[in-house]
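Colleague: The feature active site, schiff-base intermediate with DXP is assigned by TrEMBL to B:K97. Positions annotated as 1-deoxy-D-xylulose 5-phosphate binding site by TrEMBL: B:G158, B:A184, B:G185, B:N206, B:T207. Under the heading domain 'Thiazole synthase ThiG', TrEMBL lists B:6-249.
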Amino acid sequence: MQSFQKKFQEYRWDSIHERIYNVGHADVRRSLHKTKKTMDDFLVLLSPTASQSLEEMAYMAQRLTQKRFGKTIQLFAPLYLSNECQNICTYCGFSMDNQLKRKTLSSIEIMQEAGALKAMGVNHVLLVSGEANKTVGLDYFLKAIKLLRPHFANISIEVQPLSQEEYYAVHQAGVNAVLVYQETYHEEVYKQYHPKGKKSNFAFRLDTPDRVGQAGLHKIGLGVLLGLEDWRVDSFFNALHIDYLQKTYWQTKYSVSFPRLRPAEGIIEPNFIMEDRDLLQLICAYRIWNPDLEISISTRENEKFRNHIISLGATTMSAASKTNPGGYVVDPQSLEQFETSDERSMDEIRNVIYQVGYEPIMKDWDNYW
Amino acid sequence: MSKLHIADKIFNSRLFLGTGKFGKLEGMTEAVRSSGSELVTMALKRVDLQSGSDDLLQALQIPDVNLLPNTSGARNAQEAVLAAQLAREALETNWVKLEIHPDPRYLLPDPIETLKATELLAKEGFIVMPYIHADPVLCKRLEDVGTAAVMPLGAPIGSNKGLLTLDFLEIIIEQSDVPVVVDAGIGAPSDAAKAMEIGADAVLVNTAIAVANDPTAMAIAFKEAVIAGRRAYEAGLPASQTVAVASSPLTNFLLD
């Protein structure tokens with residue numbers, strides 16, 4: 001099977017770290033002004049030195065995004081199916097060692113939640129679960145997708161890594177995109193944060209986007225959990241992964257998300273703090289490096305940041321999200337994955353986008369494809 | 001200025017508009033009105049055909065403006081044909097702009113799938129306007145299978161790079177028996193004027209208008225450029241001299 005592993009092993013964490021922290025002003029000037037950007041330019045734009053050119057980077061990011069995506073923001077909302085999980089992830093509310101009542105939505109409950117989302121105007125939905133293969137495995141997902149497909153123009157999933165055959169099956173059933181985050185590309189640190197469960201297998205997770213690509217899905221979403229390791233180095237590896245995938249599975253679209261560690265029940269404090277300024281630099285660096293990349297901003301971020309990022313590189317936003325199964329109507333008090341920061345309603349977010357001079361888009365796909 | 005005929009329709013305006021990327025739907029409506037365009041294309045995937053009250057469709061209810069649904073997002077002939085069939089049913093138009101770009105980065109059209117889909121749709125009675133690379137042979141092949149027009153690109157979609165394919169557009173225009181609409185890459189009114197001057201039948205513009213600070217003013221600028229270019233073409237542009245004429249002509253000896 002085609003695999004990112006080979007490319008990944010050509011790079012050493014420490015040497016990337018050293019390069020990022022030794023970027024000079026001349027490097028930043030050169031990278032900003034080149035017409036075609038490479039991975040080396042992305043590395044330069046991630047650097048502390050480049051942060052001094054943030055205003056210029058923001059301007060470039062705005063222009064590039066408008067040119068490629070127009071003045072539009074695609075809106076979606078998550079639908080959490082289950083918080084059952086057999087992994088221990090020390091930062092996650094769903095972690096197995098978290099002694100709280102678990103919930104998996106029944107078919108009726110899925111439709112109740114879907115009804116609430118439809119009433120909000122949601123047409124693109126993201127299905128989310130923990131990892132509990134026996135109860136929330138392929139059969140459960142296929143059943144949920146079959147129920148939801150007639151009601152949504154676009155269905156994405158963010159669930160446990162599946163096999164290539166399973167990805168093919170969910171794609172045939174109507175799933176458009178798969179989101180799977182490596183969390184961190186630092187292998188040793190990954191093992192510390194994921195001590196138990198299937199997820200502790202770093203290599204299997206690293207190969208997941210390859211399996212998605214081979215199954216022919218339309219879009220793959222990647223990201224690192226910002227706060228586990230140095231975001232600059234981790235993001236370099238994430239971009240390297242996207243770069244490899246884009247060349248290998250050239251018919252697939254790519255999106256990147258920026259989950260910053262948020263408070264959740266029973267979790268640890270982040271090791272690395274990422275300020276708003278850093279996140280903006282990261283988003284601009286991605287955009288300048290890769291004008292075609294979809295950039296997705298979740299409700300983990302605060303209102304002020306979200307209001308401004310609309311015109312600075314974002315293409316996709318979630319809104320009014322509930323991160324617990326049944327969170328919209330069925331069981332609002334169930335265990336959530338993380339606390340959201342921006343709790344405004346879908347209508348409020350649409351209005352904010354509109355105020356910035358952008359068009360909120362609820363539908364940009366068709367469920368018969 | 002002569003009118004443009006495509007299939008059974010006659011157009012006064014030779015400027016077609018795309019409707020994506022606008023920040024405000026009202027701004028889009030106003031730009032379309034100001035452009036004088038009578039044919040606008042919109043992505044079917046953006047339209048909610050189920051609800052029957054789609055905001056994009058409503059914004060495009062403009063007198064004398066015809067809708068040209070496009071299949072953007074389709075990756076092969078099969079998906080494009082399906083989209084066109086659904087559009088015909090829901091929007092009651094048999095016009096379709098065929099866009100098949102399996103490459104999501106540069107949105108370059110797949111010539112093989114486009115030819116297949118054109119043939120299938122033309123047989124079903126569709127008025128097909130395929131978005132294609134500026135490939136003169138492909139244009140003739142599309143004519144053979146019943147295309148209503150051809151829409152070769154000037155440069156990649158949204159690139160604003162102008163007529164990078166100029167030499168090939170000239171060959172296409174020279175050879176074509178169907179209208180040639182230059183689509184994609186037109187970044188400035190001067191690009192549109194140039195396309196019209198070389199004899200294109202129409203141009204399609206989207207990004208340059210949608211992303212302008214003042215889309216309405218930009219739409220007017222394009223309208224005027226298209227008229228100017230077409231008038232110049234019809235007036236008969238003097239051919240530019242490609243060879244300098246020597247002051248002592250090489251053929252003088254014949255007069256000796």
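Cβ from N, Cα, C; glycine included.
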Colleague: Between B:N206 (1-deoxy-D-xylulose 5-phosphate binding site) and B:K97 (active site, schiff-base intermediate with DXP), what C-alpha distance do you get in Å?
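Modeller: Just about 14 Å between their Cα atoms.
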Colleague: Quick check: with B:G158, B:A184, B:G185, B:N206, B:T207 left out, which same-chain residues have Cβ atoms within 8 Å of the centroid of the 1-deoxy-D-xylulose 5-phosphate site Cβ atoms?
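Modeller: In sequence order, the nearby non-listed residues are B:G18, B:A155, B:P156, B:I157, B:S159, B:N160, B:D183, B:I186, B:G187, B:V205, B:A208.
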Colleague: Below 8 Å Cβ to Cβ and six or more residues apart, same chain only. Which residues does that give for B:G185 (1-deoxy-D-xylulose 5-phosphate binding site)?
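Modeller: Counting only residues 6 or more apart in sequence, the Cβ neighbours of B:G185 (1-deoxy-D-xylulose 5-phosphate binding site) under 8 Å are B:L153, B:G154, B:A155, B:P156, B:I157, B:S159, B:N160, B:K161, B:G162, B:L163, B:L164, B:T165, B:D191.
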Colleague: Using DSSP with the three-state reduction, classify B:T207 (1-deoxy-D-xylulose 5-phosphate binding site) as helix, strand or coil.
Modeller: helix
Colleague: Same-chain residues six or more away whose CB lies under 8 A from the CB of B:A184 (1-deoxy-D-xylulose 5-phosphate binding site)?
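Modeller: Counting only residues 6 or more apart in sequence, the Cβ neighbours of B:A184 (1-deoxy-D-xylulose 5-phosphate binding site) under 8 Å are B:Y131, B:L153, B:G154, B:A155, B:P156, B:I157, B:G158, B:S159, B:L204.
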Colleague: Does anything in the same chain, at least 6 positions from B:K97 (active site, schiff-base intermediate with DXP), have a Cβ under 8 Å from its Cβ, and if so what?
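Modeller: B:T41, B:L68, B:P69, B:N70, B:T71, B:M129, B:P130, B:Y131, B:M151 - these are the non-local Cβ neighbours of B:K97 (active site, schiff-base intermediate with DXP), listed in sequence order.
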Colleague: Identify, in sequence order, the residues in the chain of B:T207 (1-deoxy-D-xylulose 5-phosphate binding site) that are 6 or more apart from it along the sequence and have a CB within less than 8 Å of its CB; answer 'none' if there are none.
Modeller: B:G18, B:K21, B:I157, B:G158, B:N160, B:G187
Colleague: Where does the mean pLDDT land for the domain 'Thiazole synthase ThiG' (B:6-249)?
Modeller: 91
Colleague: Counting across all protein chains shown, how many other Cβ atoms sit within 10 Å of the Cβ of B:G158 (1-deoxy-D-xylulose 5-phosphate binding site)?
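Modeller: A count of 26.
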Colleague: Report, in sequence order, every one of the recorded positions (B:K97, B:G158, B:A184, B:G185, B:T207) having a CB within less than 8 angstroms of a CB belonging to chain A; if no such residue exists, report 'none'.
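Modeller: Going by the Cβ criterion (under 8 Å to chain A), the qualifying recorded positions are B:G158, B:T207.
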